[in-house]
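Copied over from TrEMBL, here are the features:
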COMPBIAS  1-21  compositional bias 'Basic and acidic residues'
REGION    1-55  region 'Disordered'
COMPBIAS  29-41  compositional bias 'Low complexity'
DOMAIN    69-104  domain 'FCS-type'
REPEAT    165-269  repeat 'MBT'
REPEAT    277-373  repeat 'MBT'
REPEAT    375-480  repeat 'MBT'
REPEAT    488-584  repeat 'MBT'
REGION    584-699  region 'Disordered'
COMPBIAS  597-617  compositional bias 'Basic residues'
COMPBIAS  677-691  compositional bias 'Polar residues'
Amino acid sequence: MEDTRDLAERTPRSERKRRDSFGMFDGYDSCSEDSTSSSSSEDSEDEVVPSMPASLPIIKNNGQVYTYPDGKAGMATCEMCGMIGVRDAFYSKTKRFCSVSCSRSYSSNSKKASILARLQGKPPTKKAKVLQKQPLMAKLAAYAQYQASQQNQAKSKAVVTAESFDWGKYICSNNVVGAPVSCFKHAPMGTSWGDIEEGVRIEVPNSDISLPTKVYWIAEIVKLAGFKALLRYEGFDNDTSKDFWCNLCIPEVHPVGWCASNGKPLVPPKSIQHKYSNWIVFLVKRLTGAKTLPTDFNTKVHENMQFPFKKLMRVEVVDKNYLCRTRVALVEQVIGGRLRLVYEESQDSSDDFWCHMYSPLIHNIGWSRSIGHRFKRSDFTKRTEGQVDAPEQLFQKVKDVDQTGDWFKDGMKLEAIDPLNLSAICVATVKKVLADGYLMIGIDGSEAVDGSDWFCYHSTSPSIFPVGFCEINSIELTPPRGYTKLPFKWFDYLRETSSVAAPVRLFNKEVPNHGFRQGMKLEAVDLMEPRLVCVATVTRIVHRLLRIHFDGWEDEYDQWVDCESPDLYPVGWCQLTGYQLQPPASQNSREMSHSLPKQKKKAQQYKGQKKKRRIPVGRRPFSQAGRRSSFSGDEEHSPPLYRAQGPSRPRTFRRQNYNSESLLRMKEETAEADEFTFSQGTSDQESNGSGSYCIKQEP
């Protein structure tokens, strides 16, 4: 050991710098601003700054400034550092070196010129430029200033996007919890999150450093919220001054050991660099027995960010103007698994619709015909090159059901989430039984005469419930419009309408261990305006049903959503996928809408899902001038390009019966035979006057 120590003392300091098993440099203090070099001033001249562009001047000893007239005669290349410059400005008669330091370094085979390159974790660059008679940190600072100026110039040329929402500050200031990633099986890493928890160590870029190159340090996960984690650099102990939030799925986050494997430097933060004399011993002690990310974590993230749907794929999707039928649409954009669909006959791509690729609203071409669902046949014959029908295997499969025996029948009563008012569970009726377990459901007292607002639910859908579900679970049931015998009693209603309740055993009673808890934060699609993803909170849990509240908005904007809905995402999903997140509406911005004049309401159209509104016009959310306030995704072609300031969810729609104009339009389309009618499925019109009804729930 003594011989080894003596050998180290006789070895030049620049050669003693090395990486330990964690990829960390010994002698970190040699790179600090306060340190002084043990070598002479002549030796200090051979330290270099890498990769400065040829447009920068070369500062020589005599004060003259030379530039690089690339391509012109009289050029020379330094055999030590590889610098190209004016031959007359080079050192010695041979013009082999650009400076005295390069000449001496070359002859002595010194490697001090590679200090910065070693910090970068790569061999010394051959195009390093020499700035003589300047301390190393001064040179680094000059280069960092140049890099900053170049970045600022690039930013000034770029389009300034809407300011992003700070989830970290929001979570800390409100002391809330984000729903775990494992709650969202459809989201990236939803099934691969593993045991990532508080206390896990990772390697991340070190931002508490005054070096112009990227170096890393180890941090501990202090708090988790979806994809986001509150991190604290190792060595800060209970000091929270440098804590920061980070998305764990970004490429800059790595498991411990990545730096050593890839030749990247581990450098302690500047604030604590003198706290320990031996950082290697400190890290070994701290990391022994600690958990880190799986070695293939980054690979899994990349794989999970690949989506099978591609642009110009053709699908069948619900008609946003008439719920009862589907239309052909083309995939225009894919962002994080969310699809922007443009209806095939749209001429200017403005007739679009947003949904997730696992949404029950989209299907393969031919689905409607196969089950007997109404379908709007397109007159659009021109095909764009590259169009292809989306393969059937890309769509979510529904559970096979046995429709023989005691199955759903037309006229049976049940309770269902109103697709036009997702905050309400309503009295509903089975209007038509289709094939493969699909049902057409109508909301009692609100449906159009021609059934144009019937909605297709699968029999296993978590959005339909047996009679008595709301009463048992203390949920307010919305009675039929115009029904006066309140409070509503199912027994009386079934007797009055001479109808029967759908058997309880036919409904989906499976409740997965979803992991959601009341008060958890998440990012949720506003299904009234499905192009928007908003900051939201789980306010109630009933079995597998979640009550989603949009932060900053009144409770009447809440939505009932299934725990496995593809329209719910972890905190940080928008940042990961590049989707624009809508922040909570502030009280001041909502009050701006009070002074808006009343406007005549246009005829109702289904542009996603619509919602009842009982608020006065004066309290409607503010809609910016020049913005299209539809909730079909018509405002922008891409949500990340929103330029909204203030509230961005102008939802003021009510469910209402179609007027004579809309009914006439619907009849004209039917007369033109532009759609398939209900052609399959049983239709036994039964009416049981006995009013057989049982509110007892099956276990």
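From the backbone N, Cα and C atoms, a Cβ is placed for every residue, glycine too.
Annotations in TrEMBL come from automatic prediction, not curation.
The helix, strand and coil residue counts that DSSP assigns across the repeat 'MBT' (375-480) are 10 helix, 37 strand, 59 coil. Counting residues of the repeat 'MBT' (277-373) by DSSP class, helix then strand then coil, yields 22 helix, 31 strand, 44 coil. Counted with DSSP, the repeat 'MBT' (165-269) comes out as 16 helix, 29 strand, 60 coil. Across the repeat 'MBT' (277-373), the prediction's mean pLDDT works out to 93.
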